[in-house]
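Report on one structure; see the data block that follows.
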Amino acid sequence: MCGVVGIYHPDGELAPRLAYYSLFSLQHRGQESAGIASFDNHIRQKRGMGLVTEVFNDEDFELLAGKSVIGHVRYSTTGRSRLENAQPFVVKSKAGYIAVAHNGNLVNYSQLRNELENEGRVFTTDSDTEVISQLLSKFLIEEGDIINALERLNESLVGSYTMTMLVDDAVIGYRDPLGFKPLCVGRIDDGYVICSESCAIDALGGEFIRDVQPGKAAIIKDGELEFVKIAKSERRAVCIFEYIYFARPDSIIDGISVYKARSEMGKVLARESPVEADFVSAVPDSGITAAIGYAQESGLPYFEGLIKNRYVGRTFIMPVQSLRETSVRLKVNVVRENVRGRRVVLVDDSIVRGTTSRRIVQMIKDAGAKEVHMRIGSPPIIAPCYFGIDMKSREELIAASHTVEEIGRIFGTDSLAYLSLEGLLEAVRRAGGKRGYCLACLTSKYPVSVPGEECEC
């Protein structure tokens, strides 16, 4: 999962700073690298490994001055975690200057790369975004028109692809026809922002305009915003994990408050899996909203049982298991005064590998808790994701090879319960959701054809 940004602002000195602030607001979507590309007669770029605040300084904004800007924060799915895979990707061709920032993952990456290499194109990275950049360049040369080039690009790609792009001074945002990853547009003074989540618009003091609908592009050219249909969107497969974990709670995605959705997940979970206990607590930060919902519905008080060290990154999006193990030990500490001698309901948003959950339960027990009852605000994750979440194989997913009872014994809980799939969908409906979610990691049924997997397409 990554975060993408596109900015147009008539003040070319301000535009790259707005991109920086937007990326800072989307830092939760990727912490490995960050990059900004701007256009002012030609494309200038700065990319680096690390957090947004570690990559950029004031001198960079002078270098990046330009009215049209895109940006990216990354965590890797296709392509290793190294500088050459940091985005945006820039291409200079007969079609002009192109830059691409991509959130998603291509299922047919290898096939497309082989075809382009057979045509004589040279690749310098193992990122699927470089494939997208090369294809866009090829189609722009052949078509001479942005809309036609985007139509051909869409016909070529299989998987998830929400993107912001620079084609010379035009800023473009595009969302694939299934709408896997979010994208929205806002107004800032006399300019515009295109971004992965509405929280970035709020951070800039902007005005939300609308979500980019699946299969449509938002194109900003000469200061004018236009929405253009690129492909039919007959069905949707919005990533359910946006509402469970990835998105910031203060964001609104496709008209659904992420906070409301998570709160409803907690409430439905309390109805499905009640337990006698003294208080409800959360695994911070992503489990807090569901835990509050659980407490409200159950009538139990809510207390902090764990305190998070906010200078440690999100363990799930760290690329190497050994780093996740170390990060858990540094990430949270137990409030012994609250848990000692008491029965705790511990709520988390999800369990992927189980690294964090197992250690946290042990920490709470070691601190003197009488009982620990774990409640999970989503169903068991049993299948890999091929669309941009770092869950590559069933072997790394604890629920793919263990029953709920077995997982509870591994964690050392007194009880463990997950939200049902029906309960999850009910919660999203209560928050305003209507239709069309990708549930593949929970059901093993995929919305597009993936070799070796069952398809609902």
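Cβ atoms are placed via backbone N, Cα and C, with glycine included.
According to Swiss-Prot, CYS239, CYS438, CYS441 bind [4Fe-4S] cluster; the candidate from CYS195, CYS199, CYS385 that the record adds to this site is CYS385. Swiss-Prot lists ASP348, ASP349 as Mg(2+)-binding residues, and of the candidates SER286, SER401, SER415 the one it assigns to that same site is SER286. Between the CA atoms of SER286 (Mg(2+) binding site) and CYS239 ([4Fe-4S] cluster binding site) there is a gap of 17 Å. When the Cα atoms are compared, CYS441 ([4Fe-4S] cluster binding site) and ASP349 (Mg(2+) binding site) turn out to be 15 Å apart. Neighbours of the [4Fe-4S] cluster site: apart from CYS239, CYS385, CYS438, CYS441, residues of the same chain with C-beta atoms within 8 angstroms of the site's C-beta centroid are PHE180, ILE240, PHE241, PHE387, GLY388, ILE389, LEU439, ALA440. Residue pair CYS385 ([4Fe-4S] cluster binding site) / ASP349 (Mg(2+) binding site) shows a Cα separation of 17 Å. Over the domain 'Glutamine amidotransferase type-2' (2-223) the predicted model carries a mean pLDDT of 96. Counting only same-chain residues six or more apart in sequence, the Cβ atoms lying under 8 angstroms from the Cβ of ASP348 (Mg(2+) binding site) belong to ALA282, VAL283, SER286, GLY287, ALA290, THR356, SER357, MET374, ARG375, ILE376, GLY377. A helical conformation is recorded for CYS441 ([4Fe-4S] cluster binding site) in the three-state DSSP classification.
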